[in-house]
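Feature annotations, courtesy of Swiss-Prot:
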type     : residues  : note
REGION   : 1-28      : region 'Disordered'
TRANSMEM : 257-277   : transmembrane segment
TRANSMEM : 305-325   : transmembrane segment
TRANSMEM : 587-607   : transmembrane segment
REGION   : 697-734   : region 'Disordered'
DOMAIN   : 853-880   : domain 'PLD phosphodiesterase 1'
ACT_SITE : His858    : active site
ACT_SITE : Lys860    : active site
ACT_SITE : Asp865    : active site
DOMAIN   : 1249-1276 : domain 'PLD phosphodiesterase 2'
ACT_SITE : His1254   : active site
ACT_SITE : Lys1256   : active site
ACT_SITE : Asp1261   : active site
COMPBIAS : 1531-1547 : compositional bias 'Polar residues'
REGION   : 1531-1621 : region 'Disordered'
COMPBIAS : 1568-1578 : compositional bias 'Polar residues'
COMPBIAS : 1597-1614 : compositional bias 'Polar residues'
Amino acid sequence: MPGPDDDVREPTAAARTNNSGYGLRAAPSSITSGLDSVVSVNSYRSSELNAEEVNVDDQECADSDILESPNDGMTIMNDDDADLSEEEEEVMENSIDFSVNRATVTKAGVIPCCVFVGRVRWGTTDWEIYFGQKQLLRLHFNLHLYSLFNRHKLLRGVHLPCTIWREKRAEKRVMDVYVVQDYIRQLLKDRDLRNSEPLLSFLEVSPSRAMLRLGPSLKEGYVHMRINGPFQLPLYTCFNRTIEALYRHLYRAWMRIAFVSAIVGFIFPICLVIVTSLPTFFSPQKELVNSDSGTKEVSTKLNTAGVFLGLAVLGGILFFAVFVYKFFQHRLGVIRRWVVLKPSCFAAYRNRNDREPSEVFLFDKNFTARKGSYRQGVSWMPSGLVVGSKAGDIEIDTGHYYTRLTAFVALMGVCYGIMRLSNSIYDFEYLSLDKSMGVPITNASGYENWTESRDAEYCGYYFIVPKGTTVYVESKDDSAVISQLQMPSSNSMTANLGFFWQSDSMGYSLNVITNAVGAGTMVSVVKPIDAKNDRFFESGTNYSMPTVGNLTLEGVKTDIDVQSFSNVESFCAITVRIAPLTWRSYVYYILFLFAGGIIAPVVGFLANYFVTYLGIWHPHVRRDHWFRCVRRLQKLKRQETSTRFNSFAPQHISTIDDDESATITAKAKAAKLAIGNTPTSNINQVVDSVVKQEAETASRMGTGNLAPASSRVDSSTQSEDSFEAPKPPPSSVSWHVDAEDTYAAMYKAISNAKYEILIAGWWVCPDLFLLRPGRKLPPREADEDPDGQQVNKTMLRQVLMKKAEAGVKIYVLIYREVKLALTLNSAYTKRSLMVHPNIRVLRDPIFQIQSLGFWSHHEKIVCIDQSLAFVGGLDLCFGRYDHHGHPISDPSDDPVWTGKDYSNPIIKDFVRVNKPFEDLIDRASQPRMPWHDVHCSISGPPVQDVAYHLIQRWNFVCSKNDYQLRTGWCICFRSRRFKFLPKCLVPMDFNGWTLQYPSSDPEPMRDGSTRTTIPLVREDSLSMVEPFQVVQSVNPMYPCTATGPQWPPTSSLHPINPMRPPLTSASTTTGPLDDGEVLRAQRGESILQVFHPSANICNIQVCRSVSMWSAGVPTEASIQAAYMDVIANSKHFLYIENQFFVSGMDGNGIVRNRILQALVDRIERAVQRDEKFRVYVVMPLLPAFEGNIRSHELTNLHAVMHWQFATICRGRYSLFEALKGVTNHPENYVAFFGLRKYGIMPNGCAATEQIYIHSKLMIADDRCAILGSANINDRSMNGDRDSEIALVIEDMQYEDGVMNEKPYRRGVAASKLRLQLFREHLGLADDDLSVADPTSDHTWQAIKSTASSNTKIFEAVFDCAPSNRMRAFVNFQSIEVTQIFENQRMNVLKVPGRSHVWDAQNLKDGDYAPWTDVNGVPIAADRVDLRDFEVDNYRDKKKKLFSMDHDGWCYARNFSIFQEVRTMKTDYKKREKLQHLVADRLMAQVRRRRWVKKGLLPPRDPRESSFSLASDDEEHGRFYSLWRRLQQGDFSRSNSVSTPTNFSQLDTDGGISGSVSVGGTNHGRRLYNSNSMPSNASILGDNPTTRPPVLGDAPSYPNSPSVASFQHTPQSPAIATGARSVRSARTSSLLCTGAGVRTRGNTRSARGSFYGMFSVTGNRNLDTDDESSDAGSEYGGGHGIRASLKRWYSTMDVLDFGRRSKFNAEYFDTDEDHLHSDDPLLEDGRGSYHAATREGLLTEEAVEGSDDEDAECQIGHVQTAATVRKEDETRARAQLSEIRGHLVEFPLDFLVEEILKPSVLPADIHI
C-alpha cells in the first residue's frame, strides 16, 4: 500500500460515497448491444459529484507530475518512492470503492460460465477485475482461513449468500450481480477483512497501482510463473539449433514427468515401508512371562533402541523425500508471484505489497503471446499463457492449484492401481487341506475343554520358510490373520508387529513391499474358531509345494489380541496362497512403478484439460483476461516504427516544425480541416466552439458521470480504423568533447535527478571529482577559508550519496574484472557506493566460462530519470579528466589531477585504486598522459532505448543470481543463493498511458442518484471484445530544447484546460466505446521536463553488441551493421576517431568484423567513379598498456600493435595492401594520424607525451555520426564478446556549407562536432573556417602537412617513440640513455682487503648484466659516458625496504626482488618490512644502484640526501651515527670493503669498462654470462680531477614536488642564513636560461650540506663558498659537531614537526600572485615558463612530499614520454614554438622489421 507521502489522494466526502463517477461514458458498443442473449439487470449507484471538486482534483493531478520550474536542488519524490518500508499501511474505510460494472457469459468450455466485471476505485485510480463464482468461493474459503490463523476466530460477520454457493446456469447466475456487489461491499466495511491479504488480492489492490511513472497496471494478481531465459535451463546451448529448440520446448514437461516418476518409483514405496514399519519401532513389545503364581502373563515394554532407530530412519526418509521434492522444484522453476502487467513488461513481486519487483520480463518489439495448450509444449498448462521474446519466455499459469489437484488425484489413483495390480507378478501355489480328512473341534487334541464364549479365540498353524526361499503369503479368507512370529523361548510365541495384517485391510494390498519374508521366518496363519465348519488336523503335518518345498504345519492358538501364541496339538485348516519371490517379480514391480510414473502425469494433464474443457472450474476466466491484455499490447508494439541495422531499438523519426505551423496542424487535425485550404482563424474558431460546446454539455449533464480529472480519464476516442499515431517527440543530442565538459554536464544532470539514476561502466571510481579547481569548480563558499585549499564537494560518491538521501534511487552496474588481468577493484567501488539503501550496485559477470572470462561489459552510460542519457567512450574513473588544452603536467598549488588521477598507463598502470590520493608516478619528472574522449547527451525517445538496454542487463544479472529462477543441477537446499539479492528495474512510462473504462447509460432515480443498466454479454468469440483501446492525443507534448523550435507550441490548444488533448471531432464525445478498458496516451502529463542545453534535433538509432552471456539475448551485432551501412552510404568523407583499429577483410578467418572490407569497397567505388573521397583516421600512437616496447619479450602491448599494423599496412589482408590493387595513390584517400603534446615539467625539463585517443567516433559527410563505447575490433563489434552500446545520429537540421569546393547542405550537429575536433587537433581558433571543407585538396594537404611538420619537430627535439625511424629493435640503441642501473653480486669466498667482495665479475648466469635499464635489459658499453651521469642516492619509500648505503647501493637476496618491489605496492606493513629486513638486509647477495642523466634528477633539499642526519635509518641514533662516520673518515659503508664502482668502471674516455656490447641489438632481460665479461677493466687513478663528479654538482631545493615523503626537520643556522642568496642565485639562473631549464655548471649550493663539504672519499672539499665553508667547519671535527648539533636543535621550530594536510602534502606551494595556466611558457605568446620561478621551488620551508616512489618508466628511456636535456632546451624552444595543434603522423613503419605477435597469447583476446 502507498505510504503517507504517496501521490494517492484521499477522495472528497462526495467521492467516498459515489460509485458512478467514472467519467462521461459513451453508449455500449454496437457489437455488444447487438447480441441476442442480452439480459438487463439494475445496479444502484450513489449521488453526483460537484463540478468544482472535479476541477480541484484536476488541478491537483496536473500539478503532481509536471515540474514547472527548477527544483533548486531539491528532489520531488515520486509516488512510489515515498515510503520504502515493507509494512503495509492500514486501508481506511471508504478508501476503496467497489461496484459491479457488468456481467458476461462466456463459453470457453462446454459449460458456459458467468463472468462478473467489477470496478474498483482506490484514490485517484480505478480499474476493472474479472471473476466468476469459483473465485468467489475461493475468496470466502481464504477469508475463513485468514480469520482462523490471524484473528484466531471463525469468520462470522459476513456470510457468503446461498445463491452463490448453489450451482446454476450462467444465464441465471448473472442475476446475482447485486448479491455479489453487496457481498464485496460488506467485506470492505469490516476493518480486519478490509486489510486482509485475500480480499486485497482479489480486488488487485497493490502499491504498483500508484506508481504513475511506471505506467498503468493493466492486470494484476497472484499467479504461478516460470521464466525460460538463458541460464535458467541447464546446458541450454546445444550443438544443433533444432535439438536446442526441442530441448527448450519439452524440458519442463519431461521434468514434471520425471518428478512424478520419482514420487511413484521411490517416494511411494518408501512411504509404504514407513507406514508398515512404524509399529515395529514405536509400539510396545509384548512377551509372555511366568508370574509368581505360576501362570503365564503378558509383559509390555518399550524398545528404546528401536525408537531411536526408528527416528533415525524416519528422519533419513523424510530428508530424502524433501530432497527429491526440492530438487525437482528447482528443476521446474515454478514460483508464485504477484505479477503486474505494465505496458512495457511483466513485473513480478514476491508479495503483493512489495514496491520493487524481484523479476521483470521486458517486452521487445516482436514479442509473442499464446495460450497454453498441448501444442505449446513448454509446460502443457491449459490454464496459462506463454509470452515470448528474444530474451526467452515467461509462462503465466492462472490455474496452478487446479493443475496440482488433478495431478494429485491422478497420482493417488496410479499408486492404488500399482498396489492392486502387483499380485499379478507372482506365481501362487495354494496350501489347501482336504477338510473331509479333518475332525471337528470336539475331537481335536488340545481343544477338549473348549467352550463357546463371547471372547473370540483363534486357531491355526505356523510354518517355517525353507532355506534359500523368500515367499509372499496371503489368504482369501477375510477373517484370516497372517503374522510373523518370533522364535519361541518356551511354549509361547509373540507376533512381530512389523509383519501383521488382515486379509481385508490395506495391508493386504501392500504385497511385495511389506509381506515378503525370508528363509527361517516363522509365519502364522490364524482365524477365529468356527465350531461348526472348521476341521482340525494333527500338528506336525507335512505339506509339499513344488516351488517352495516341504512345509511342516504346527498348531497354534491365540486370543483376540493376536499377540501371544501358544502351541497346540492340532490346528484348523486355513487355505492360503504362497508365491516365491524371484528376480522376475522385482523386475515386473519396477516396470509397474516406471509405467505408473509416466501414466500419472499424463493422466493429470489429460484430466486437467478435460475438466477445463468442460468448464467445471474457471481458471480460464483469469487466463483469458490476461491473454487479451497482452494481445492488445502486442498490437500496440507492432504499430511502432521498424528498426534499423537489426537493432533491438525501434527507429525514431524526429519532425521539425516551427511553433505556429505545429499549432495550426494540431488544430486542423482536431477540427478535421484541410491544413492548406483553411485559414488559421477558422481553425481556431472551430476548435474554440468545440471546447465551448463540450463545457456546456458537461455543465448541463452535471458531474455525476464525470470522474475527477486527476484520474486522467477522457471521453475522446478514436476508432481502430481511423487511428493515426501522433508525431513522436523529437530526439536531440548535445556533444561533450573531453571529460571536463562531460563531467560538468553529468554533475548538473545528476544534481537535478528526480527519480532514479542509472549508471553502467567498465570502471567507476567513487573517488572521482567531477569538477576541478581552476576549471569549472564553483567559487569558494562563504564559510571556507580564503587562504586554505578549496574544498571540492563534487566527488562522485558524495554527489550520489546526496541524491540518495534525497530519495533518488541509484543503480550502478559495473564490470567485475578478472583480478589476474586487471586492477579495477570493482569490489572497492561496490563497498564505497553501497552506503545507502537507495544505492544499489551490481557486478557482472560473477563467473564466466566464455574465453576464460576475458570478455567484459564495456558500456559507458549515465541515464537520468530515463529521460536524459549520456553515452560515449568516457568512463567515470581515474585518468580520464582532461580538457581541450591537454596539459601534461599539473604544477598548480591547487591541483587539477589529485592522486591517481595524475596517471600515465604506459609508465605505470593503475594499482591500489582503493587509495585514490596516492601518486602513481612522479609528478615532477613524469608527464601525465593526456586523454581525449568524446561523449554525448541525448533526450527524447532514444533515451528509453538506452534505459531499456541497461535495465535489461540489470534484470538479467538479477535473474542469474536469483536461486528461484535457476534450474542448475547444483541448487537444491540453498534457500538464498545470495544473501542480498537486488531487485529488478521497471522502465518508466513516457507514453503517458492511462486506462479508460466504458459504462452504461445512466438513468436518474427519484432519490437523486443514478441507475445503470449492466448488460449481459455472451462471448462466443474472444476477438469480439477487446480489453482496452488506444486513444492518443493529437499533439504529443515534449519539453523544449535550448536550440531549435519550441516543443510543444507556446499557444495552448485548449484555453480551458491546456493539458487536455484536443478532440478529433464533436461526434467523438458521444461515440461508442468497445467493451473493456481503454488505454489512452496523454504525453503531456507523463514526460519529465528535461533541460538539455546546446542540443540539436536529430534522428537517433540505438545499437548495441550483446549476446547470451552478457544480456541473455541472442547475439546482436547492430553496431557493426551500422558502421558498415554508414560507410557504404557515405558520399564525401569519413572521420574516424577510435582507440583501436583492428578489422578484417573477406578471407581473413581470424579477424571477423568486416568494417575494413566496407572501407575498401567504398574507396574502390570512389576510384572507379573518379570521386574525391577522404578517410581521416585518428588513433593512439601506442596502446595504453604497460610494457617495454623495446624489449624482445613480447607482451600485450606488442600484440595489439601487431593486429593494428596488420589491419592498416602489413599483410595481405591490410588496408593499404588491398588498395594497391585499386589505386596507385592510396594516400589520396586515407590517412592515419595521432595526437601529441609537449610541456614543461615542475623539475624544469621539457617533456612530451602522446594524447591518448579513447573516443569511439565516426562522422560521415557532416550529416551522420556514430558514437558510443564500441572500439573497432572484434571484441566490440562481433556482439558475442564485449557488451557495447552506440548511437547512430542523423541530422534533421541543416545549414549552408561547402563540400569538395561546392555548396553543400551540411548537418548542424555532425558538422558542429567535426569542426570542434578539427580546430582542437590543429590548434585553430573557434571561429576558424579553414577546415570547413574536409574533402577539398587544400584541406587534405594542409592537414597532412601540419601533421608531418609537427612529427618532425617532435622527433628532432625529443627523439620519442614510436617513430618511423625506429624500424627494428636495433634502432633503439641510437636513442639517448637517460638512466642506467649498475648491478653487482657478492663473492663470499673472498676476503676483504685481498679482493673485492662486491664486483660485477661475480655475476652468475641468470643475473642481470653489469649495466642494464630498469627492466634488466643490457645496455651496450659504447652507449654510455658515465661522466654524464650521477648516482641517485635519494632514499624513497621503496628504497627504504632495502639496505641502502650512501653511495646509492640497494641490497637484496636476488635481482627479482628489485622488480617485485618496483612494480608492486608501496604501502608496506610492518610485517612486510620485517620480512625484507630479515631476508634482504641480513642475507643480501646482490646489489643495484641507479645512475641518472645529469639534469634530470629533481632538486632536493640536502637534508633529504643519503648524507643527511635524518636518513641514516640503519643506526640507532643520529649523533652516534654521525660521530662514528666522522671518526672513520668515510661516509660510505661500501668503501671499507671495495673501491667505489663508479670510478673503477670508467675507462679513459669516461665510458663503462666491463659492460657488455650487445652487438647491434638489445635483448630483453638478457641473462648475463660472467665468462663474456672483460677480464681487465680500465681504471682511472686516484686523481680526483679525472673522476666524474658523482655528488655535489647539483644544487638542492627543498620544495621540489618530486621529493618523496619526509618529515620537517629542524633547520640549521647555516641553512637559514643562506636562504635568500639561494633564491636570488636561482632566480637569476632561471631568467638567463633561454629554454627555461636551470643552469647547472659548477654552481655550488649556498646551503650547508654534505654535497659541498666532503668529497666522495670523505675529505674536505675546498671548492666551496664562504657560507658553505663556515657551515661545514662546524662539522669538521669531534669537538665542533656537538656544539653544532646543540645550536641546531635550539633554533628549531616545534611547529615544523606537524604533518601537513594530505592534499598539501602531495603538491608544492606557489606564489600568491602567480596566475594559473594550463601549459608552460614554451608555447607561442608566452614568456619563460612559470614553473621554475614558483615560490614552491625556492622557499626555504621544507614540505612533505608524496609517499610514493619516483616512478620508473616501464619501457626504459624509450617511451611516448620524453624529456629534453638542458643543453638542448634553448634550441628546442624555437623548434617547439613552430608546432601547431596536437596532430602528428601515425608511424606506420614503426618496428616494421620485427614480429610483434606473441606466440603464447590467444589472438582473440587482443582483437
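Placement of Cβ uses the backbone N, Cα and C atoms for every residue, glycine included.
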Quiz item: For Lys860 (active site), what is the tally of other C-beta atoms lying within 10 angstroms of its C-beta?
Solution: 27
Quiz item: To what whole number does the mean pLDDT across the domain 'PLD phosphodiesterase 1' (853-880) round?
Solution: 92
Quiz item: Could you give the Cα-Cα distance between Asp1261 (active site) and His1254 (active site), in whole Å?
Solution: 22
Quiz item: Quick one: Cα separation, Asp865 (active site) versus His858 (active site), in Å?
Solution: 22
Quiz item: DSSP three-state call for Lys860 (active site): helix, strand or coil?
Solution: coil
Quiz item: Measuring Cα to Cα, how many angstrom lie between Lys860 (active site) and Lys1256 (active site)?
Solution: 11
Quiz item: How big is the gap, in Å, between the Cα of His858 (active site) and that of Lys1256 (active site), rounded to a whole number?
Solution: 12
Exercise. Go ahead and report the DSSP secondary structure tallies for the domain 'PLD phosphodiesterase 2' (1249-1276): helix first, then strand, then coil.
Key: 3 helix, 14 strand, 11 coil
Quiz prompt | Fewest-neighbour residue among active-site residues, criterion Cβ within 10 Å, set His858, His1254, Lys1256 | solution = His1254
Quiz item: How many neighbouring Cβ atoms, not counting its own, are there within 10 Å of the Cβ of Asp865 (active site)?
Solution: 22
Quiz prompt | C-beta crowding around Asp1261 (active site), within 10 angstroms | solution = 24
Quiz item: Using DSSP, what's the helix, strand and coil tally for the domain 'PLD phosphodiesterase 1' (853-880)?
Solution: 1 helix, 11 strand, 16 coil
